[in-house]
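The transmembrane segment annotation in TrEMBL covers 24-42, 108-130, 142-163, 175-197, 209-233, 253-274, 295-320, 351-369, 401-423, 429-451, 458-479, 534-557 (among others).
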Amino acid sequence: EQLPAEQQQLPQSKGDTGDTTNDVWNYVVFVSFVVISALIPIRKRLCRRSTNSKSKQDYVFGAGHISTLAMMLSIARGTLGVISVLGYPSEFFYRGSAMWESLYGVITAYPIVCFVFIPVYFDLGITSVYQYLELRFNSRLVRCLASGTYILRTLLSLGVTIYTPTVALNTIIGVPYWVSLLSITLISIFFNALGGLKAAVAADVIQSLSMTAMLVGIIIYCSVTVGGVDKIFTISSENDRFAFFNFAADLHLRVTTTSAWLGELFNSLSLLGCQQNFVQRYLSMPTFSQIRRTLMWNIPVVILLFSLPWFVGMAIYAIYWHCDPLKASVIAKMDEILPYFMVDRFDSVPGVWGIFVGTLFNGALTLNISNINSLATVTWEDFLSLIPALRKKSEKHQLNVIKLVGTIYAVVIMGVGFIVGLLSGVIESSMLIISATSGPLLGVFVLAMFIPFANWKGAVMGMIASHLSILWIVVGRLIESNVSDTLLDTSIEGCYADLMEAQKNASLLVVSIEEGVNALETSNLLNRIYSITYMYYGVFGTVLTVLAGIVISLATWSSHDQYNMKMLHPAVRWLYSRCPFSGKHFGSFEVAGSCGAPQKETIPMC
């Protein structure tokens, strides 16, 4: 089949097609976009003459002045992150649509968070969601373990987030990775010092709108280029890119429908229901009805924002399906496919790739700032506030300490970003980090809300056992060379003849190596454990935390473990009052043998 001329060539570098004037325009657009989008959310703060006008409550919760629509977009951006913009198109191009089905888990998680998690701690008047665990278990240790898990998970995830735009900057402009990471860090420190939750939400709104417009524009361009949307679907279908509804029971397959839905469900429950940056947004809203509207109306928004990058992956594949830039050695990493597309197709249009890179850069920046705000808040509430000398300081001094902690975290995140490139792609890195840390955090909240006899000893030992077990599997996975990471077949038949010849030789070498690896003995029990897909790490971690917590709690329960039954979910309290533990005294009231209803304070359902 004769391909269109634009599909038969791959420029070897940006310099082959670039124009100096266009480059200047792109640089101007890039810098202007980042500066304007960063300054708009904090413009009022910059114009204030008084430095005392922002309180700690305003910094943390935005003082309740955030609109429902803005909060919806902020939560949606936090759910997906900028990683999806580069990661999902490359995932579809080189691995197919299997990971797309993780959307099922995200959608399922929203109503569960709304009707299960939020009613428990909405009326508790807490600043840190992990304060709830201390109230439930009467233990500071449980609270600190959960906070530490959140801090570790967020630092690692943000390292992947800020690394993402450096790929585009390096591919398109040639900016060294360290320059991009340093720039994001310095701007984040400045923004964190002047902003707060309200500024972070405003930045998320700008980012959501600009990112959506950019992705839609790419889809429209590719549709026109290849001859229609139906052609995009046809090309992907004919080349085996669609892999939906695979219910295989093999735990070692990288992604199936079951693992995508179940794994993402547990990961999303941990993120949306047990993570400070999300709960902080819920608690900034004044009523349950507003929270309910925000979360439930957010489902179609998330579906749209989640699916757009996958459609972009389909569209780009329709452009390069017969001439893969990675196989042709024009790009070095699979995540570079979208940045390469922007340069290849729009380098002659002034400002286009400037907007693209600026959107990615700003997306990583806003997520970094938003999460730094939450990290600093948790660190203050759960650790630093225990120091008497700091606790007695004025609110203004406490706010300055929180901002200083945020600055330190920004530097740490930059350090994590430097080592992220060693892992296999931003989606692989992000999913591995989130799955490995979701289980213990979600498990301890399940124990707190739904297990009346769970005590602090069971919660602590359950989290520790889960952390150690998942850490052992992750380390084994990283050092175990037999873990499969194969890509779908791509073609370079439409590329230059000299590139085809070179890649044929390279392909023969790769095939011979892969055959040798596949021939290795994989029946070893440890190898089988290490090669379990990371999609199930969150499930295993949660189950292990809950089971270990139940066993240890039953073995160690004493009268010192009693607590206020208001800490349980309302439905569990209702069941508890119907004599499932007749005569037992687990909480602040005793359930009589006659099933008398306890005197308790009700919490409205979401």
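Each residue, glycine too, has its Cβ placed from N, Cα and C.
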Six or more residues beyond either end and a Cβ under 8 Å away: which residues meet both conditions relative to the transmembrane segment (401-423)?
56, 59, 155-156, 158-160, 162-163, 166, 177-178, 181-182, 184-185, 188-189, 192-193, 368, 372-373, 375-377, 379-380, 384, 390, 393, 429, 432
Contact call for the transmembrane segment (142-163) against the transmembrane segment (351-369), three or more Cβ pairs under 8 Å:
yes
Residue numbers, six or more beyond the limits of the transmembrane segment (253-274), whose CB comes under 8 Å of its CB atoms:
75, 79, 95, 98-106, 108-110, 112-113, 116-118, 129, 146, 150, 244-247, 434-435, 437-439, 441-442, 445, 484-485, 533-539, 542
Take a look at 175-197, 351-369, 429-451, 458-479, 534-557 and tell me which one has the most Cβ pairs under 8 Å to the transmembrane segment (209-233).
351-369
Out of 351-369, 429-451, 458-479, what stretch is closest in contact terms to the transmembrane segment (175-197), meaning most Cβ pairs under 8 angstroms?
351-369
So which residues does the transmembrane segment (295-320) touch in its own chain, when a touch means Cβ under 8 Å and the partner is 6 or more beyond its ends?
7, 68, 72-73, 75-77, 79-80, 84-85, 87-93, 97, 100, 103, 106-107, 110-111, 113-114, 118, 208, 211-212, 215-216, 218-219, 221-223, 225-226, 231-233, 235-236, 239, 241, 282, 337-338, 341, 345, 606
Residues of the same chain, at least six outside the transmembrane segment (534-557), with any C-beta under 8 angstroms of its C-beta?
102, 251, 254-255, 259-260, 262-264, 266-267, 270, 431-432, 434-440, 442-444, 446-447, 451, 453-455, 457-459, 461-463, 465-467, 469-470, 473-474, 477, 586
